[in-house]
Structure formats: structure tokens, C-alpha cells
Ligand code: ASP
């Protein structure tokens, strides 16, 4: 497995399978009363977030803490970057403290890749601009697999603001790796340039219209899951659609659309990476429906990030090849014996 996790493309199918399998063990641990295990005792993880975050930052922090790593949170505003220090100097300063991993979110696409060239520690990309968010894709795959089983041949539609979405980019890579069929849907103004060449090379479908995809009338047939993406207004400089109402009419998962979907496939899943714009890209009736796995995604986020930290940091060479044994998790299997309190 790689030393850094910058892009979903860094992981082969076997790596993804290994991380998801480990995440399963971590999820079992998460359901226990005492969750702490000594697996990463003595390791230090810095969460450096230059952009706001609720889910990703807290789940990385919880993941590190439950594995007994020392976790430290830094944000762009409270650090010396607000005094004008360069990203390189900041990254090298943190690295000089002999930390083991830097979990980083940054508004610039490519920032995590750049930092990985400067430091000795592992770098985990927790979202870089509009580029990638590999742990989000892993937690989405985990959530889908726990409901749908093997993803080979399953059809996932990813809908919304594709231009600004790092979640979509990482998801396409990971889902394709696991054998899923993928259709991406966006209005022409939010369809990334160059998607034609990418979709041809990686064999996924694109559509400017949502209803035919949800009706199963598009290239890949009936959908097993619909992933709604947030309209990222903070990254929009111009008008990408006339009004919020028009966006919802064309591309929102409204109550009516959900009812039609469920009538066709009662088992259909609804995902959203959060934070949701309720009433814009997803109606409350869809977000809170029995089909919604939005909170399962959040829960999986902790287990998957534990698994990623484990695979990057645990073991003698920092690269264990399989899921942790019960001994490695020291009591994480059936009892709380050996757990660190
Ligand atoms: N939380 C996800 C991200 O950081 C999705 C979003 O913000 O819309 O990319």
C-alpha cells in the first residue's frame, strides 16, 4: 500500500478491498461500549484543515483517538499561515516535530500532493479543492457494500454539482475499481470540461437529464443507488443556474422523484456526503426517508478512517498487508479486555 493517500487512484482494487475489510473490524469496535484500542499508541496524527469541516475532521480525530494515536487539530485560521507563512514552511514545521501523519484539507486542488513532496510523514488528503476526497469515496463504497453486497455490476447515479465536487471525482475512480456501473448527471453548466474523454476512458455514462436516469431509461438501466451532491455555492463565482427553484425542478431529489424511484425499486439507496442543502438538491422527505443512508455514511466515516490510518501507520513497515488480527487490535474482537481506558 502507498505511504500517502492523495488520490483514489493511489489504491488498487486489492488495497480498497483490504481497507474495506479492515473497516468492517473497526465498525465492530465502534459498536462496543469501550472503543479504545492501543493499535496506534505512540503515533501522532495532525489534522490540518484550511477549510471548514464537520464530518471529516471530527471523524479523523475520533479515528485517531480510538486507536490511541495522539491527535492534534490545527486550522488555517488559528495557525501561522494567517501570518503569511507559506504552505511549504508550515508543512515542514509540522513535519519537523516528527509526526507520523498529516491529514490535510485545503482549498487548492493539488495541495496535498504538493505537501507530500516536502515532508517525511504520511499525508492523507481529506479534500483538496475540487480535486479529490479519497476517504469519502471509501466510506461511500463501504456504505454501499454493506447494503448491496458486492458492487460488481451495481448501478450508481451521481447527481449534481460535478464541476466543484471532489467527492464525485474520487467516487468514480473507486466505484469503477470495484466493478460498479456509474452514471453522472449534471446540468451542462455544472458538467466538468473534459468529462467526455474521461468517461470514455474509464467507461462511465454522463447525462444532462436526471429523470431518464432515475427511470432506468439511460445507458446503464435501473439504478441501485443515487448519490446527491451539494451545490457548492462557496466555489461558484458566476451564475451556474438561473434560480434555486429551477435547479431543484431539474436536478433535485424531490419527494415526487423519490416516490417514483421507490415504486420502481423499493431497495434503492439515497446517499449524500453532507452537508446537505435541504430543499435544494435533496428534499427533506428524501433525506429522512428509509432509503436514505446519509447517517450510515457518517458512521462508516469513522471506521474507514481508522482503517486508513491503520494501513498507513500500523505495523513494523507501516504497511500491513491485510486486516488487523484480533491480537493486533488487542481485545477488539469480542470483549473489552485489553482495551485502553
Ligand atoms: N463534505 C464534502 C467535501 O468536503 C462534500 C461537500 O462539502 O459538499 O467535499
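Here, residue 1 is simply the first one shown, and the rest follow in order.
From the backbone N, Cα and C atoms, a Cβ is placed for every residue, glycine too.
Some features that TrEMBL has for this protein:
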- 55, 56, 105, 133, 136, 274, 275: carbamoyl phosphate binding site (BINDING)
- 83, 166, 230: L-aspartate binding site (BINDING)
- 3-145: domain 'Aspartate/ornithine carbamoyltransferase carbamoyl-P binding' (DOMAIN)
- 152-312: domain 'Aspartate/ornithine carbamoyltransferase Asp/Orn-binding' (DOMAIN)
- 319-341: region 'Disordered' (REGION)
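For residue 55 (carbamoyl phosphate binding site), the number of other Cβ atoms no farther than 10 Å from its own Cβ, over all displayed protein chains, is 16. The DSSP secondary structure for residue 105 (carbamoyl phosphate binding site) is strand. Other than 55, 56, 105, 133, 136, 274, 275, the residues of this chain whose Cβ falls within 8 Å of the Cβ centroid of the carbamoyl phosphate site are, in sequence order, 53, 54, 126, 127, 167, 273, 301. Checking the binding-site residues 83, 105, 133, 166, 230 against ligand 1, the ones with a C-beta less than 6 Å from an atom of that molecule are 133, 166, 230. With respect to their backbone Cα atoms, residue 105 (carbamoyl phosphate binding site) and residue 166 (L-aspartate binding site) stand 11 Å from each other.
Cα proximity to residue 275 (carbamoyl phosphate binding site) (within 10 Å) is found for the following binding-site residues from 83, 166, 230: 230. Within the set of binding-site residues (274, 275), the lowest number of other Cβ atoms found within 10 Å of a Cβ is recorded at 275. Taking Cβ-Cβ distances under 8 Å and a sequence separation of 6 or more, the neighbours of residue 166 (L-aspartate binding site) in its chain are 109, 127, 128, 129, 130, 131, 132, 133, 136.
Take the CB of residue 83 (L-aspartate binding site) and look out to 10 A: across all protein chains shown you find 6 other CB atoms. Helix, strand and coil content of the domain 'Aspartate/ornithine carbamoyltransferase carbamoyl-P binding' (3-145), in residues and according to DSSP, is 67 helix, 27 strand, 49 coil. Neighbour counts were taken as the number of other C-beta atoms within 10 angstroms of each residue's C-beta; across the binding-site residues 105, 133, 230, the minimum falls on 230.
Of all residue pairs in the carbamoyl phosphate-binding list (55, 56, 105, 133, 136, 274, 275), the one with the greatest Cα separation is 16 Å apart.
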